[in-house]
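First the structure, in the form of structure tokens, and then the observations on it.
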Amino acid sequence: QYSFKEVFGTLVVQKKVFDVVAKPLVEDLIRGKNGLLFTYGVTGSGKTHTMTGSPGDGGLLPRCLDMIFNSIGSFQARRFVFKLDDKNGVDVQCEVDALLERQKRDATPVPKTPSGKRQMDPEFADMINVQDHCKVEEVDEDNVYSVFVSYIEIYNNYIYDLLEEAPFELIKPKWNNPNTPGRNGDFVPPQSKILREDQNHNMYVAGCTEVEVKSTEEAFEVFWKGQKKRRIANTQLNRESSRSHSVFIIKLAQAPLDADGDNVLQEKEQITLSQLSLVDLAGSERTNRTKAEGNRLREAGNINQSLMTLRTCIEVLRENQMYGTNKMVPYRDSKLTHLFKNYFDGEGKVRMIVCVNPKAEDYEESLQVMRFAEMTQEVEVARPVDRPLCGLTPGRRFRNQAFREELARKLEIRGGPVNGETEEQSTSEIFLQNFPPLPSCELLDVNDDQTLPKLIEVLEKRHKLRQMLSEEFAKNVLAFKTTLQEFDSSLMSKENYVQGKLSEKEKTIAGQKTELERLEKKIKTLEYKIEILEKTATIYEEDKRNLQQELESKSQKLQRQASDKRRLEARLQGMVAETTMKWEKECERRVAAKQLEMQNKLWVKDEKLKQLKAIVTEPRNEKPERPSRERDREKPVQRSVSPPAVPNAPPVRLRHRRSRSAGERWVDHKPPSNLPTDTVMQPHVPHAITVAAASEKALAKCDKYMLTHQELASDGEIETKLIKGDVFKTRGGGQAVQFTEIETLKQESPTSRKRRSSPSHPDPAEDAADSEWTDVETRCSVAVEMRAGSALGPGYQHHAQPK
């Protein structure tokens, strides 16, 4: 996006472009200020059309000419009153010299400058037929004006005069090959012009043809004459591509009339010379797109070089203004910038029209053009001070004209033209008519004594009247002198007062200027800081965007990982649930099988214990005879019924099970909540310190630790666990316990399994089979041994060995 002061669409009319862009420059031209108007853009974007126009719709140049002549038409000086010298100055001639110049021009056989009354060339007649009649308001009526035009082109960084009266063929530059016609003597190319600097440090083209014109038609015919000599060529981008920069210069000379309002004031210092330069730049282009070769390629290189120099000058001016530097502006690198150096230094107003072609192929070039044009808006150059006034009474032209008209009217009434002396004589005659009439002075008689006395009397009366008039005139003169002196004194006092006020105002203005300069410097500093901050903010914004993008990518990555993790968790939970359910069923099956196996083993053990108890408690007086094995094999022994429990049996002495670690010092930790089991076999640890709660004092004395823990088993019986560990000393002086093994003690009720009972009438066959269970030797052939840590059950392991 680019910002400009005004943007015109594709359907805008030429008049609107002229009113916005060129009309202020024409107003400044008539007020004595310089102006410069560029048309800038890519090849084929419409620069020449904007400047020249088309049939029926004139461009900026014919409209500028029309506005100038509409404004000064009745105030133009006669030809050759103003005469341009060869040093970019202007002289004023009297009417006699101007008349001689005109007669000399009429006598020469050279074709005269085109006149507006002559039939116009139909090729451009429609372009200058402007019906707007635009004019500048408040034109100084006490000045006379003359318009001079010149037309030059800058081709391959050389300046040529398009109005020069010489044979004009295609220019062959100095570096042409030997086949150039100029080398054979039958072709002489036009001489290029050089730039010079006048006494006011303004640049001008030395030896350039400048034609004085008196109408729009005459000026445009001069322009059209030079336009036919301008270099155009056919390229890939434009059928009639301008190969040079054309500059049409309009100079306006103006000088005030004298005090009588009749003739031009013959003072060169009072002459004001202003100029308006209309520049049609050649199009910037890329040679690879125009397919230029040979001379066209060289032309394109020079065009682009001059435009690049113009851009560099604008950039250096902008940098000097923004940062307060004093870099040298490279005006001399190109004839284009060197010619208009004064405009960039502040000697006038500069306007630029940027032409843009909406073709997609011109996109890159159009961006470069608009970027440069937007940058030029930021360049402001100092404006020169307006010229001082001449000090003559304003409105003298029309007063002189009114006086002449009134004098002509009175002379016409009195009949016949009379010169100024006759008018003066008639006035004196009217004045003398107020005196007494003279009597007849003819003396017819010698003795006439009345004629002379009457004549003397009349003459005395006339003398007295003359003396009275003289006295009255002297009084009036004295009174007028007094009035003049009073007026002069009052004028001096007013001048002193005004001077004092002016000095005060000047001091105030100087202070305000100082303050303005300080504020301008401060503004430049702040603008520089703002630019730095904007660049910093842009960098931070870029970093922020990058970090946000990185954060978004990381967030998306984390979301993907989280979703993958959730899917994996769901999958694992399903697998765990499935595996858990599978193992729960397997454990239930194994536990049921184990319980059934243990119940069978316990029932067998209970039966054997009961038989053992019956054998131990059964009183025997004689030793039974041991049957032989052969007899036992031949005849099965009847199984006797288990003897009933003997009442009042002597109490069985409790047997304590000795721990495998009996040789060490133990801490036997038995919580108060433990219940006594009253079983025959009890764990017994010698040399143990029995405590209800673990204490550091007890642990310090021992090197082993045992905790007795009771819980309810799944079958409703009490299960006792002996948790054992080693006692270690810590670095801080305390005690630590490391658990090493767990010993489990269980007990079961014999009533929980179905017991076998002897029938009242046993079957002999069955008795023979069951005698193995009741026979003492058979029953005693199974030994019971208690071992801790057995894999078959809680604390027991059974070994059956034949006796």
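Heads up, the Cβ atoms here are built off N, Cα and C, so glycines get one too.
Under the heading domain 'Kinesin motor', TrEMBL lists 1-379.
Non-local neighbourhood of Gly41 (ATP binding site): Lys47, Leu281, Gly283, Ser284, Val354, Cys355, Val356, Asn357, Ser366, Val369, each in the same chain, at least six residues away, with C-beta under 8 Å from its C-beta. Summarising the annotation, TrEMBL assigns ATP binding site to Gly41, Val42, Thr43, Gly44, Ser45, Gly46, Lys47, Thr48.
The feature region 'Disordered' is assigned by TrEMBL to 615-681 (among others).
The compositional bias 'Basic and acidic residues' annotation in TrEMBL covers 619-637 (among others).
If you look up TrEMBL, you'll see 661-671 (among others) marked as compositional bias 'Basic and acidic residues'.
What TrEMBL records for 746-774 (among others) is region 'Disordered'.
Annotation source TrEMBL lists compositional bias 'Acidic residues' at 765-774.
Sparsest Cβ environment among the binding-site residues Gly44, Gly46 (other Cβ atoms counted within 10 Å): Gly46. Listed in sequence order, Gly283, Cys355, Val356, Asn357, Asp362, Ser366 are the same-chain residues six or more apart from Ser45 (ATP binding site) with CB atoms under 8 A from its CB.
Within 10 Å of the Cβ of Val42 (ATP binding site) there are 27 other Cβ atoms, across all protein chains.
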